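According to TrEMBL, the protein has these features:
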COMPBIAS  1-11  compositional bias 'Basic and acidic residues'
REGION    1-31  region 'Disordered'
TRANSMEM  61-80  transmembrane segment
TRANSMEM  117-135  transmembrane segment
TRANSMEM  156-174  transmembrane segment
TRANSMEM  180-198  transmembrane segment
TRANSMEM  205-225  transmembrane segment
TRANSMEM  240-262  transmembrane segment
TRANSMEM  383-407  transmembrane segment
TRANSMEM  419-439  transmembrane segment
TRANSMEM  451-469  transmembrane segment
Amino acid sequence: MGETHNHEHNHQPPPQQAAAPPAMPLGSARGPMFPPAEQLLQLHYCIHSNPSWPQTVLLAFQHYIVMLGTTVMIATVLVPQMGGGPGDKAQVIQSLLFTSGVNTLLQTLFGTRLPTVMGPSFAYIISALSVINDLSDSNFRSEHERFKHTMRAIQGSLIVSSFINIILGYGQAWGNLTRFFSPVVITPLVCVVGLGLFGRGFPQVGDCIEIGLPMLILLVISQQYMQRVHPVAQSILERFALLLCIGFIWAFAAILTVAGAYNHVKEQTKMNCRIDHSFLLSSAPWIKVPYPFLWGTPIFRASNVFGMMGAALVSAAESTATFYAASRLAGATTPPAHVVSRSIGLQGIGQLFDGFFGAIVGTTASVENVGLLGLTRVGSRRVVQISTAFMIFFSIFVTNVSCYYLGKFGAFFAQIPLPIFAAIYCILYGIVAAIGISFIQFANKNSMRNIYVLGVSLFLGISIPQYFVMNTDIAGHGPVRTPAGWFNDILNTIFSSPPTVATIVGTVVDNTLEARHSYDDRGIPWLVPFQRRKGDSRNEEFYSYPLRINEYIPSRFL
């Protein structure tokens, strides 16, 4: 009994099995998992950091060259239809450069403070064509008189419609709208601001394939592959390959032009391929200082103003999407609602300035220049601010050095063939579209509800504008054709804009489809701190006014 007792007493309990490790997500053993990153870590220079001054100047000049493409495109489309000649086109480009430079400087100082270039917007094309069409039957002594009268009508429309953005911005209405955004809405919004511009990419490269295609291929090879050949080449090619490629292909186009390759081709081919067929260099004045009401007293017509109001709303939506993309590529956090609001209000003031100084369209945040931030990995605010000096300098043409005028230097760069710019846009627009995809990391990517909202917003954001563009004639008449012309202009302009359509569809569906039950899945907890003024400590770091200006501005405008 004793032995039995001792045996039972000394008996050890069976060893417990170790608890099974928590189940890992399917596929986690096949590779690393990457947590969400609020700021990109592979940028060389962020919003507050600056390259050396020589690099800053070169990078700033690169921003000027990139925005010049859209400026020349818009002038090329509108000025001939208004009755203007090469001299008028040169002056329009001057006005656009001057207003873009001033608006960019104001926006980087008192607007979002992000490194975004404010350039001319294609959103105003339909409204401008409507003004041109309204005056096409009028009798004028010459085509130049028709051009000046049309410019005055466009000026008046820009001035009045600018108050839409001023009221929406400084009245905080636009910022309150962005509070309905979630990462599920921001993702398609930013994506389509790049994808929606596909028509200005390879289709225009094909207008002169022997120039555009080599530019596209050379830029990819030199900027991405050749930089890995040598450490010295890496920093040069990564930041300045675009300038080097433009110079090389432009020289190639000059050789083709001089050799007579385009002497016996269609007129349209000459316009796209020759470096001397825009007549900008011969028609640009040596000295031209932009001044208010350059073309005469503005003409105010209610029918034209309503169309421009639709364009102003579209430019606000496009700028908002571009600001979100710029915040990622500049190493900043998502812009708070009050910052987006004041930037749109300032954009309205900028449009008022455009109307005063004779710009042919209003300005918006330049998508291609934001793409350039990603291409060079330099998101410095100073670089963009210095680029405004090039815009303003080349628009005034008043510098004289050693008795040699530099006045026509700006027109010289404006003669770069447009297919070269189109090849650049193929890369830059793609970067912006891709940065939009990165916002979905802050929401539940595996939620079928989120996948539905994303898919519908992306597809309709591209498909609906494509329908409106395909059914718009050369006079600007779109699919909406009611007896009220002003109503037609508003709807045709709004629904021709991919970011605007994506904003409407995404915001409505995301906030009505199981919104309360999907609060976490939508990524709202991550976004809310950035939407509030003091929700995140970094908001003040990135977006506060410079120096002590905030002490003199009412808090509701900060």
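Placement of Cβ uses the backbone N, Cα and C atoms for every residue, glycine included.
Caution: TrEMBL annotation is automatic and unverified by curators.
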Stretch in 61-80, 240-262, 419-439 most in contact with the transmembrane segment (117-135), if contact is a CB pair under 8 A: 61-80
Cβ contacts the transmembrane segment (180-198)/the transmembrane segment (419-439), at least three under 8 Å, sequence gap 6 or more: yes
For the transmembrane segment (205-225): best-contacting stretch of 61-80, 156-174, 419-439, by Cβ pairs under 8 Å: 419-439
For the transmembrane segment (61-80), distant same-chain residues with Cβ under 8 A (at least six beyond the ends): 88-89, 92-93, 96-97, 100, 117, 119-120, 122, 125, 128-129, 132, 147, 200, 240, 242-243, 246, 278, 360-361, 366, 368-369, 372, 376, 383-384, 387, 390-391, 394, 413-414, 416, 418, 420-422, 424-425, 428
Cβ-Cβ under 8 Å with the transmembrane segment (419-439): same-chain residues at least 6 beyond its ends: 66, 68-70, 72-73, 183, 186-195, 197-198, 200-209, 211-213, 215-216, 219-220, 242, 246, 249-250, 253, 272-273, 321-322, 324-325, 328-329, 367-372, 374-375
Outside the transmembrane segment (156-174), six or more residues from its ends: residues with CB under 8 Å to it: 124, 127, 131, 298-301, 304-305, 307-309, 311-313, 315-316, 320, 338, 340-352, 354-356, 359, 361-362, 556-557
